[in-house]
Structures are given as C-alpha cells and as structure tokens.
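Here the structure is laid out as structure tokens; the discussion comes afterwards.
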Ligand code: F6P
C-alpha cells in the first residue's frame, strides 16, 4: 500500500503543500493517541470555558486545538491560521505559503460517549500582501488548494483532496503512517438515505419541511421510493458515511435563531466538506446557492448545508425555488 507522501508526489503536489499535509497528519496522530487514551489520560469532560461560538469547550477541543496550532506555527509554512476554538486569527510566519482553517475536534459532544469525532481542515495559498488580518481568509471555498479531515473511529483515516479527486488513507498505527486504502472516492448521484436532525423539523423553513415530509412518505409518496435515515451528530462522521456509501446530509436554517444562516461554520466545516464532496462527484449547496461560491464575511460565519448525492441536492434546490 502506498504512503500518503508518495501518492501526493505522484499527483504532482508541490513540496510545501506535501510538507503541510504531513504536519496536519502528524498533529492528528497525536490527537488520535490522546483520544484513544480516553479517561486514562483524564482528558474527557468539559473545561469551564466557552468558545467564540458560545459552545462549552471540551478538554479535548482545547488539547486538539493547541496541538494543531503549535505544530502548524512551528512548521513555518503557515502565514496565519483560523480555528473554531480561537476568537481571532493567529498570525504565523510572514513568509509562510498557506492560510489554514480548522475545526480541531468536530462533533466533540461525542467524545464522552466514545463515539466518532474528527479534525476538519481547509488550506488556501497565501498571497504576497504584507498585511495579514481576518480579511486575508475571506475567500470563496473554490479557491482552497487542499481540504480534508481525519476521522477517529474504529480505524483512523485521513480523507483528502488536493484537487485531483478524493483519496482515503488509513493510519497504520504499527508504523505511524497513513496508507492509501481508497484511491478514488465517488458519491453516487442518487440515494435513498438521508441525514438530518429530525427533532428540529418544526423549526425549519417550509421547503425543507416539505422535502423531508415527501421522503418520509416513502414508496407511496411523490418520490416513489423508501428512504432510510442516519444521524451520528458529528458532521465529519455523517459526511464520511456519504463518501463511503452515498447519501444526503443537511443541516438547514432554523427559525429559533433566524439571524444565523445555519448551525455549521462555513470556513472550517462547510467549505472543506463541500470541496471533498464535489471532488467525489457530489454537490454542496445552501439550498439556494453553491457553497464553494459564497463570499465569506467573517471567519466564524455560519451557513445552511445540503450536500451529497448530486440529484438529491438538486431536488432540495427545486423545493426552495418553487416556494420562493
Ligand atoms: O459542529 C457542529 C456539530 O457538532 C456537527 O458536527 C454536527 O453535524 C452537528 O453539530 C450536530 O448537531 P445536533 O446537536 O443538532 O445533532
């Protein structure tokens, strides 16, 4: 089986980006180790703090954030970084080639029940400007040069795109290397499986309520087929399932917080997942526009997300179009 670095070389990826992916992979190996130690390392449970999103921070959120931040800054490759767990961007090396955004531990409410979590990352090439501030990060997701995640499950995998499709690498813990186990991930255009937090249905906008109602009517309803539902409550795990066996994932706008476009974060959740899904032949939308075309306004901005099987994403967009 081929090692991550040799696959990237073969793909013609430049050496700085290979080095950066390696640094991300190294930090994630360390996070993986801490996660597997669990209660033995005293890392379960919450801190006393909240992050900038007003969410209670888990101890492992903070540990994972520190590990990634320290290794990325030490590498000298990063001009600045943005993290779910940092209020503001963190400035790195002024000559660094990259801007990196990440969610150090997505789905962290799963930690305490020993269920799947993951690290999501998004990489842009930095420009030459001398001033680095939040606005340096505010570029549409289609400009990402790499995006991926590391999922910590029964096996630990890195799922990565550098713009030549999506490949999966399984961490071989005996040698500490990511080895390619799936060279070409494809998301089928059609599906009979969806992922959504159904308990919020009464709070969604009417197009989403109607779309899901029609799925639930099954073979007797307008869609003429039965649908299955899955929800892990960690985006990284729900998207991973879609990359493995297809499906549709959505976290829509919700009238309880009408001022927020959605729950998920654009820069370090929706954008990297949207690039992976598109690179695997699927689609990613807000219901009304392509996620990768959104011009970001803030690093922590939220967005509604509908992604996965291309024909099903298109169907959701049709419900929104017809009810405008
Ligand atoms: O980052 C937010 C997140 O944990 C996602 O990973 C996940 O998809 C979602 O929230 C779960 O939301 P809920 O708590 O509504 O199931």
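Glycine is no exception: its Cβ is also placed from the backbone N, Cα and C atoms.
What TrEMBL says about a protein is an automatic prediction, not a curated fact.
Annotated domain 'Fructose-1-6-bisphosphatase class I N-terminal' per TrEMBL: 14-182, in sequence order.
Sequence-distant contacts of residue 103 (Mg(2+) 1 binding site), defined as residues of its own chain at least six apart whose C-beta falls under 8 angstroms from its C-beta, comprise 83, 84, 119, 120, 265, 268, 269. According to TrEMBL, the feature Mg(2+) 1 binding site maps to 84, 103, 105.
Taken from TrEMBL, the feature Mg(2+) 2 binding site applies to 103, 106, 269. DSSP gives residue 106 (Mg(2+) 2 binding site) a strand state.
Here TrEMBL flags 106, 107, 108, 109, 197, 263 as substrate binding site.
The annotation domain 'Fructose-1-6-bisphosphatase class 1 C-terminal' is assigned in TrEMBL to 187-320.
Only 106, 107, 197 of the binding-site residues listed as 84, 105, 106, 107, 197 bring a Cβ under 6 Å of any atom of ligand 1; the order follows the sequence. DSSP assignment over the domain 'Fructose-1-6-bisphosphatase class 1 C-terminal' (187-320) gives 59 helix, 21 strand, 54 coil. A C-beta separation below 8 Å, combined with a sequence spacing of at least six in one chain, links residue 107 (substrate binding site) to 115, 116, 117, 118, 232, 233, 234, 235, 236, 237.
On the backbone, the CA of residue 263 (substrate binding site) and the CA of residue 105 (Mg(2+) 1 binding site) stand 16 Å apart. A 10 Å cutoff on Cβ-Cβ distances gives residue 197 (substrate binding site) a total of 15 other Cβ atoms nearby, all chains included. In the structure shown, the C-beta of 108 has more C-beta neighbours within 10 angstroms than that of any other entry among the binding-site residues 108, 109.
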